[in-house]
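Pulled from TrEMBL, these are the features on record:
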| type | residues | note |
| --- | --- | --- |
| DOMAIN | 5-120 | domain 'Tetrahydrofolate dehydrogenase/cyclohydrolase catalytic' |
| DOMAIN | 140-279 | domain 'Tetrahydrofolate dehydrogenase/cyclohydrolase NAD(P)-binding' |
| BINDING | Gly166, Arg167, Ser168, Thr232 | NADP(+) binding site |
Amino acid sequence: MAQIIDGKSIAAKARSEVKAEVLKFISTGGPRPKLAVVLAGDDPASQVYVRNKERGCAEVGMASEVRRLPASTRQRDLIDIVRQLNADKGVHGILVQLPLPTGLNEREALDEVDPRKDVDGLHPLNMGKLLKGDDSGFVPCTPQGVIEIILSTGIDLAGKAAVVVGRSNLVGKPMALLLLQNNATVTICHSRTVNLGEVTKRADILVAAVGSPRIIHGEMIKQGAVVVDVGTNRVGDKLVGDVDFDSAEERAAFITPVPGGVGPMTIALLLRNTLKAAALLAAKKA
Ligand code: NAP
């Protein structure tokens, strides 16, 4: 029976560390770090995520601002808002909440964010830095949180077979790069992968980031693996992961639950990235 990884308590510890660092930063003359979120449209899940981000900021002593835009917003108005936030010296981190409503160009909006304020790590400069192993940039929060969750088990990633299911810019690709940086031997699976279960069964570390309820089940998992479930899928009134928890729990050594696994860590890492942005911007001014 697997040990369940308590993402909530790992995240609570990470948030209290950020809180202490924010206090220290402000007491030594730094500005109060501020996160700005651009929220276009009325996607109910995005509304909840953004509220949690605002709450997270307040909890660690950071300021936040949400620019709410109607779904009918034109591309050039969205870009104008991002540019205003880039120019605003009181804003240190900018996050464009995804997905954007149909008709808005996601890539153009993300590319417009000042890379020094790109706390979601989705600007090409920051993605390039991650690829090169340059840690002066920003790394997407979810995969960064997953690495910390895996390391919390005490497992050394060096030489382990890691399989990432999903290849999005937000999760799968940066996840694979971070696992590689930690010296795992990495395989990336996607919708065209043939015999998915044959590949996942070889994984010592399995990260599922698909967005398909319970697509990974017990017989696709190696005995003793670490299984991290990034998926958050609404099925009826329940939130379920990409992993079928009950059958996976029988095979894995460690497993994250949904909810209460990866989600809370994503916000903790966003707060850490915002503090890093504020500190780097302040150091530049000094
Ligand atoms: P995404 O952009 O839709 O990417 C999904 C990936 O899964 C794609 O690469 C896709 O392959 C692959 N895929 C789809 N069907 C597959 C199949 N049958 N077999 C193997 N691979 C398949 O989604 P995302 O943004 O990466 O998010 C993934 C999940 O994580 C979602 O449930 C999302 O809600 C969740 N998420 C959670 C957090 C958190 O904080 N907990 C944060 C971000 C995302 P192709 O590239 O070939 O299409």
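Any Cβ shown, glycine's included, is placed from N, Cα and C.
Here the features listed in TrEMBL are placed on the structure.
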residue: Gly166; record: NADP(+) binding site; CB count, 10 Å: 23
residue: Arg167; record: NADP(+) binding site; CB count, 10 Å: 18
residue: Ser168; record: NADP(+) binding site; CB count, 10 Å: 17
residue: Thr232; record: NADP(+) binding site; CB count, 10 Å: 19
Practice task
Work out, from DSSP, the number of helix, strand and coil residues along the domain 'Tetrahydrofolate dehydrogenase/cyclohydrolase catalytic' (5-120).
Solution key: 60 helix, 19 strand, 37 coil
Handout entry: Largest separation between Cα atoms (Å) of residues that the record links to NADP(+), namely Gly166, Arg167, Ser168, Thr232
Key = 16
